[in-house]
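A.B. asks: What follows is a structure written as structure tokens; I'll ask about it next.
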Amino acid sequence: MANPSLLVFLKLVMVLICAVWVSLWVLKPTQVWTRKWKQAEESAAATVFGYNGLDFSVYTFPIIAFAMIGFIYLELKQKEPRSRQATSPVKALSNPLIINSYLGILSAIEVLAVSLFILFLAWTFYTHISNDFRKMMPVKNLKLNAWQYKVLKVSTRSGLLAEVCLAMLLLPILRGLAIFRVLGIQFEASVKYHVWFGTTMILFATLHGAGTFLVWGVKHQIPDQMWRWQKTGRIYLAGEVALVTGLVIWITSLPQIRRKKFEIFYYTHHLYIVFLVFFLFHGGDRHFYMVFPGIFLFSLDKLLRIVQSRPETCIVSARVFPCKAIELVLPKDPRLKYAPTSMIFVKIPSISKLQWHSFSISSSSSVDDHTMSVIIKCEGGWTSSLYDVIKTKLGSDADRMKCVPVAIEGPYGPASLDFLRYDSMLLVAGGIGITPFLSILQEIDFALSRGKKWPPSQIQLIYVVKKSQDVCLLDSVLPILLNRRAGQLHLKLKVFVTQEQSGAPISELLTNEFSKVETVNFGMQCSDYATHGVENLLWLAAIVGFSSIVFLAALSCFNGAFLHDPAKMASKQKQKNPSSVTDLFLIFSFIIAIMCGTIVAVFLRWRKLKKELPPSPQKYSKEVKPISMETSRALEEHEIHFGGRPNFQGIFSKFLNETGGSDVGVLVCGPEGMKESVASLCQMSAQGQRKKPYFSFHSLNFSL
């Protein structure tokens, strides 16, 4: 059990680090900071680390330190005993405040954070522009009048705002090194912040480039300026390449392209390497250190994920549902534990050697020691190819099919189960959005069967589907639907079939659809390894710290060996922007650092695999029991409705009466329209409510 005082201390240290880092960004545009910083760089240039060490320590290290302490905090917090949480003001701030079809569902905390970020951007822009307009210094090689000078400065400062967004861009999409977990934000939820930062960055970067080209055009300098690759100072050509690359990435990530042409989105997104390298050449190393924390952690996270997905494992078995969905059963190490709603990334080399796809885990590690499952709706190109592979195997007469290799990243999930600790819960699922709830139901049922007090004992599941055959996805929670164990979880199921006007009773429908599920078992000759998951968080903290030390040491060696002695380096600090040679040294040091961290991760992985026993197919076999008449009658207490969508307001009111006004957690996973409808109800119920009953809204995602 973790020491509560130690957890509080780590929290305070992380808050202090964040406060210092934010303060640096706030002070950076001021004249006081500029004067003091120049003096500090001149003093640091005479040291063995040079000005690079100062820039790294001030701009980069705070976030790295926050990540290291955060991983230690999460590792210790996992050892805390679970308990039922109470309604708090902070919890109330997580409920929906703004519900918009374009912006999505925003909580009060998110609105506050966005407002503060916009205020910070306004402060940065105003401070810089007011200083620039006060000086009105002439620009070399360009004889500008007042308005041209102002346009050029506005475009230049827009570039600095793009730099601020770039500093935050990669932090929300970290997986193994996900520092947003410290804030209680899951990976799939933080992806939208990546989209926000990326869109804002491209907006300011476009203003930066357009304003500069406008001034060049007015002065007839475009042919002379745009192809310049200066030995020192701003490299204009590098900035143009970075801008074009960023625009390509942004355009191909628009929902209209990403959803219909996922391959285009996926492959063009890897141009981020080109974008970052040319941004470094354009802005110089001093500006690069400001955005370096996210780049450093993201690159290290990327390589650690590659190590984690090796060696490949194989599919144990697959189940084919009548609604053109499949369930993949994958082997896992018995020591691997994950929280409900966790996600994994899957790559099947026989379909594509490069594409990774994310899926929500539908099983519970508390129930299944040796396997984990994902349910996949086969609608896109990659998933349809997978469906065809599985269907082909179904037609074979062999008892054991040829093995199907698969690479797995994850699981990635929430740091705690606070979102499950309510008196009662309403689960609202649409279509394949049922998958996270299958894991939740199994986890809660297991906890109650072991006498745990934290889970809710009364749950209502609202399942909205287009066709009645979609209910077959509930097969894995059939024992829970039967409600056979007195004093344990009581689950009430309400199914709404929107595109059928009538159908069989709920018991007959569930019985018929469950009986149509087909299973195929695969051979396991191609791999002797199971999924082990992410490395221990304490080791991740050590790898991050070790890699950062290697980076600083390598950069100091390069500068000392090739850029002469510290005294001469001090005289060069009058150059506002270093040459591309210095930028190359930074790149080389960065590569050395993350490769050293990767080598440590490979060693840890090898040591873990060395202790692993080869998986035995007998451990993964499950007995499938036929549905009896007694089982069929037990399903009659559940409800099914045809020809319409659910009346959420009536359902919510009735559920409150049934639970006696208890604290209710509302979890929803499905189409955005359904999420917005449920969020609106939770928002209305929260207005003016300071006592129970209280609806706490949580939005889940089954994929990215």
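Glycine too: its Cβ is placed from the backbone N, Cα and C atoms.
Note that the structure is a prediction, hence the values are computed from the model and not measured.
In case it helps, TrEMBL gives these features for our protein:
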type	residues	note
TRANSMEM	7-27	transmembrane segment
TRANSMEM	56-76	transmembrane segment
TRANSMEM	97-126	transmembrane segment
TRANSMEM	160-183	transmembrane segment
TRANSMEM	195-215	transmembrane segment
TRANSMEM	235-252	transmembrane segment
TRANSMEM	264-281	transmembrane segment
DOMAIN	299-418	domain 'FAD-binding FR-type'
TRANSMEM	537-564	transmembrane segment
TRANSMEM	584-604	transmembrane segment
A.B. asks: The transmembrane segment (235-252) and the transmembrane segment (537-564): do they have three or more Cβ pairs under 8 Å, with pairs 6 or more apart in sequence?
C.D. replies: no
A.B. asks: How about long-range neighbours of the transmembrane segment (160-183): same chain, 6 or more residues beyond its ends, C-beta under 8 Å?
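C.D. replies: Residues 14, 25, 63, 66-67, 70-71, 73-74, 120-121, 124-125, 128, 190-194, 197-198, 200-205, 208, 279, 283, 287, 290-291, 293-295, 297-298, 300-301, 304-305, 308, 345, 409-410, 412, 414-415, 534-535, 540, 544 contact the transmembrane segment (160-183) from elsewhere in the chain.
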A.B. asks: Could you tell me what the rest of the chain brings near the transmembrane segment (235-252), counting residues at least six beyond its ends with Cβ under 8 Å?
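C.D. replies: Those are 198-199, 201-202, 205-206, 208-209, 225-229, 258, 261, 264-265, 268-269, 271-272, 274-275, 278-279, 281-283, 580, in sequence order.
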A.B. asks: Please list, for the domain 'FAD-binding FR-type' (299-418), how many residues fall into helix, strand and coil according to DSSP.
C.D. replies: 25 helix, 41 strand, 54 coil
